[in-house]
């Protein structure tokens, strides 16, 4: 089984470099991880979308960016069942290259649409807190709609070429899908991926850190000028939310992009084939860091829950209503059940009495 996966690059050098030697472990852990992501991500984001839609009359720029982020996460979860099956089968894609390409498209759309909308949210909050007078123009819903449309167009323009690129590859008796070794022969691959990391990670995280650092400075200045603000705990809650957003972003997106950047630099510094051990380590790191990055779609609803008072109140109200309906249904069904049992008992007694006569 270990020899089922050998890449052409390794074979040409006479080495049996199995980049999927970890498949026996991965076929258990990765489906489990993505099943949790699918359930939590789908339920959490659908709940967030329901709350946003119910409050559409009060929608503003922040809510609109959040809604687009939620839609991006829901779109991603729809592609997860096929990936779960792929990993459970030990990196074997059995439903054709066309669906593999569509899955890759959805994956990258979610990744970079999510990053872009998180960046939009940080800029939106920056103007709301640091430059409130300018924010009056930016918070206009028409302006925010234009920004959201631009983000989707940009992301689709960046990712649509994936539909024209073969994503699957025969490896022994299996077919891999959306794996890095499938693209190793692409011309100028290191430069392409380094450019993608620059635009899709380095630039957004720089903007996010700058915006939130300025917001923190403004909150500290406000607290010094007005002690009542500090006592109310509003600033502390805002700072905790900012820290949560930054920590989630760094934990989810940094490992993947750092792994890509360092490996591409190695390839540029050593144009020849890298050692099998280095390539296998990179392949394992990709699987681990991609799992971590995809977990971000589960974290977004929790950020809304703790950050947005209105969202938290709405969710709790919906849950209480659901529990209340369940309890009342159970209470109503209990007398009906007892009544039915009594009727059946009476009928049996009557039947026996009739037979006795």
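Cβ coordinates are placed from backbone N, Cα and C, and glycine is handled just like the others.
Per Swiss-Prot, N-linked glycosylation site is recorded for 4.
For the region 'Interaction with G proteins' (122-130), DSSP puts the residue distribution at 8 helix, 0 strand, 1 coil. Here Swiss-Prot flags 122-130 as region 'Interaction with G proteins', drawing on similarity to another entry.
Here Swiss-Prot flags 336-357 as region 'Disordered'.
Summarising the annotation, Swiss-Prot assigns topological domain 'Extracellular' to 1-27 (among others). Within the model, the topological domain 'Extracellular' (1-27) carries an average pLDDT of 60.
The feature topological domain 'Cytoplasmic' is assigned by Swiss-Prot to 54-73 (among others). Same-chain neighbours of the topological domain 'Cytoplasmic' (54-73): 41, 45, 48, 109-110, 113-114, 117-118, 120-121, 124-125, 128, 138-141, 143-145, 147-148, 151-152, 297, 300-301, 304, 310, 314, counting only residues six or more beyond its ends whose CB sits under 8 Å from a CB of the stretch.
Under the heading topological domain 'Extracellular', Swiss-Prot lists 92-101 (among others), citing sequence analysis as support. With a threshold of 8 Å between CB atoms, the same-chain residues lying at least 6 positions outside the topological domain 'Extracellular' (92-101) that come near it are 82, 85-86, 162-163, 165-168, 174-178.
Here Swiss-Prot flags 124-145 (among others) as topological domain 'Cytoplasmic', drawing on sequence analysis.
Sequence annotations record features per position, and here Swiss-Prot assigns topological domain 'Extracellular' to 165-188 (among others).
The topological domain 'Cytoplasmic' feature in Swiss-Prot is assigned to 212-237 (among others).
Per Swiss-Prot, topological domain 'Extracellular' is recorded for 262-283 (among others).
Taken from Swiss-Prot, the feature topological domain 'Cytoplasmic' covers 309-357 (among others), and the record attributes it to sequence analysis.
The transmembrane segment annotation in Swiss-Prot covers 28-53 (among others) and rests on sequence analysis. Same-chain residues lying 6+ beyond the ends of the transmembrane segment (28-53) with a Cβ under 8 Å from its Cβ atoms: 59, 63, 66-67, 70-71, 73-74, 76-77, 80-81, 83-85, 87-88, 287, 291, 294-295, 297-298, 300-302, 304, 311, 314-315, 318.
Residues or ranges marked as transmembrane segment in Swiss-Prot: 74-91 (among others). Among residues of the same chain six or more beyond the transmembrane segment (74-91), those with a C-beta under 8 A of the stretch's C-beta atoms are 5, 20, 23-24, 26-27, 30-31, 34-35, 37-38, 41-42, 45-46, 49, 99, 102-103, 106-107, 109-110, 171, 174, 176-177, 179, 294, 297.
Residues or ranges marked as transmembrane segment by Swiss-Prot on the basis of sequence analysis: 102-123 (among others).
Look at Swiss-Prot and you will find 146-164 (among others) tagged as transmembrane segment, backed by sequence analysis.
Under the heading transmembrane segment, Swiss-Prot lists 189-211 (among others), citing sequence analysis as support. Sequence-distant contacts of the transmembrane segment (189-211), counting only residues of its own chain at least 6 positions beyond either end whose CB sits under 8 Å from a CB of the stretch, comprise 111-112, 115-116, 118-119, 122-123, 125-126, 183, 245-246, 249-250, 253-254, 257, 260-261, 264-265, 267-268.
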